[in-house]
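The region 'Disordered' annotation in TrEMBL covers 1-30. Marked as compositional bias 'Pro residues' by TrEMBL: 7-16. Annotation source TrEMBL lists compositional bias 'Basic residues' at 19-30. Residues annotated as transmembrane segment in TrEMBL: 37-63, 98-119, 131-152, 179-203, 232-252, 286-308. Per TrEMBL, domain 'ABC transmembrane type-1' is recorded for 94-307.
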Amino acid sequence: MTTLRTPDPPVAPPAPAARGRRGRPAGRRRKSQPEAFAFLTPWLLGVVALTVGPMVVSLYLSFTDYDMFTSPKWVGFGNFTHMFTGDDRYLQSVKVTLIYVLVSVPLKLTVSLLVAMLLNTRRGAGGFYRAAFYAPSLLGASVAAALVWRALFMGGGPVNEVLAFFGWHTPSWVDDPQFSLASIVLLGVWQFGAPMVIFLAGLKQIPAELHEAAAIDGAGAFRRFRHITLRMLSPVIFFNLVMEAIHAFQAFTPAFVIGGGRGGPADADLFYTLYLFEVGFQDFRMGYASAMAWVLLVVIAIVTAIVFRTAKLWVFYDDAEEKK
């Protein structure tokens, strides 16, 4: 009688020896760690010497009375108390800076978004127009741009000449306390190129099929803009809002040049950073200036934290929607 025998199953080859991550032996990985630290050492030394060290010294000086010529004298919270109780110019600088931030940032983001949408919808808007609109941002907050702006808005400048031609009132923009800050706000809004480019890149990522489908369903231009464009562009708006708010709080050069370096007429252009510069490098009250710098840092951190905290209410991400 013939017996059928089932063949033995094939024997799997032995597993390879365990190796380090990405196929590298653990010994070789440990050997490369000193090399990595050696390459990082110059950068770490630079951070400690140029960033961490000055911040620690500035924090110490903020609790002292220091004029750069005598030894620091410990005053505790005296500098911080004097800011809000005995320094009217400090309160004026806070007021001017807050007005500038609350007015210039929304205007700048609105103008940059509108221009980006215009460039995105026009087929003939090529690289030339994008470069032309971006050109003001290349100058940034430079002294040259501020000088040109001051010349444009002086009493007999080209802006007033054009207004006078149409029979409009021609104020002395840079010398009138009612209009001097407005001229600086216009300069900040004029430099809308950087957020415009970021908005344009975000608009390119929105599928045209969404707008077409919404139009077929009867949605008008405003509803498509509100429910499609703004919703899908909200992460880009969030990024631009944070960056522009931080830059606005730190604005210095336009106020220094247009305001003549002393805050303009009746301190109408006395920005926070301008007053900080005046206190620290003209009056040599380094302890008080250090305290002002730390207050500014805390305010920027709080504003940024608030924006991040509220982002979940108005910023929408595709990944988050898919997880839901």
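Placed from the backbone N, Cα and C atoms, the Cβ positions cover glycine too.
Scored by C-beta pairs under 8 angstroms, the transmembrane segment (37-63) has its highest count with 286-308, from the stretches 98-119, 131-152, 179-203, 232-252, 286-308. Residues 125, 129-130, 133, 181, 184-185, 188-189, 191-193, 195-197, 199-200, 203, 229, 233, 237, 240-241, 244-245, 248-249, 251, 271 of the same chain lie 6+ residues outside the transmembrane segment (98-119) yet bring a C-beta within less than 8 angstroms of a C-beta in it.
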